[in-house]
């Protein structure tokens with residue numbers, strides 16, 4: 001059995017493959033990595049013989065995760081990191097290792113599936129990356145995600161208190177609606193402008209792939225054509241692992 005783990009800044013997501021069967025594992029929004037590893041292993045039916053990890057949580061977190069995995073099941077995890085080129089994708093970063101591996105494997109998967117592609121990852125940060133038909137990573141954007149924007153607004157304003165709710169693009173009629181709707185509109189406007197601009201550089205029929213935990217909040221407001229690919233990072237990580245078989 002093979003276990004695939006996507007470690008973000010504030011969460012961990014996983015799934016596993018047993019033979020030809022893929023099992024959707026789960027996810028956890030917290031940074032107490034020892035606890036998350038324990039919960040992840042409890043969720044599995046059986047124990048993995050191979051573990052692959054794509055992590056942007058930093059060296060200390062990676063060491064912690066590796067330690068608890070080895071302690072629990074005596075299995076040394078494979079950490080995959082961004083590099084200059086792989087699977088036909090060429091990085092434009094002067095220091096390729098500094099590119100978040102979640103973005104990197106998502107671009108690899110997008111390019112391997114569709115060629116030229118625009119990858120939108122709606123996580124704690126909202127990222128947009130572009131790969132052309134030759135596999136060249138053209139560059140990208142990183143801005144705060146919806147949760148980070150809400151947190152910053154609430155932290156720096158004493159009289160704004162909002163309850164969780166569904167956002168829409170229309171005018172808000174309460175402080176909470178004004179916050180939710182305004183942040184949604186701002187994020188959607190940014191993404192839409194970038195997508196339209198990139199489609200003038202790339203083939204205007206290139207695929208737009210949307211992933212990340214906040215994607216369900218955003219995609220209902222997109223007016224451009226896209227594909228929702230919630231497991232894009234894990235798909236890319238599994239592609240990397242399959243090469244080693």
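From the backbone N, Cα and C atoms, a Cβ is placed for every residue, glycine too.
Per Swiss-Prot, the feature ATP binding site maps to 6, 7, 8, 9, 10, 11, 12, 13, 124. Cβ neighbours of residue 6 (ATP binding site) (same chain, under 8 Å, six or more residues apart in sequence): 12, 13, 14, 54, 55, 102, 233, 234, 237.
Mapped onto three states, the DSSP output places residue 101 (substrate binding site) in helix. Swiss-Prot lists 93, 100, 101, 102, 103, 175 with the feature substrate binding site.
Residues annotated as active site, proton acceptor in Swiss-Prot, with sequence analysis given as evidence: 102.
The K(+) binding site annotation in Swiss-Prot covers 121, and the record cites sequence analysis as its basis. Counted within 10 Å of its Cβ, the other Cβ atoms near residue 121 (K(+) binding site) come to 28, all protein chains included. Under the DSSP three-state reduction, residue 121 (K(+) binding site) is assigned to strand.
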Three-class DSSP assignment, residue 8 (ATP binding site), comes back as coil
What whole-number Å value do you get for the CA-CA distance of residue 175 (substrate binding site) and residue 124 (ATP binding site)? 23
Other CB atoms, at most 10 A from the CB of residue 102 (substrate binding site): 29
Just checking a number: largest C-alpha distance across 6, 7, 8, 9, 10, 11, 12, 13, 124 for the ATP site, rounded to a whole Å. 14
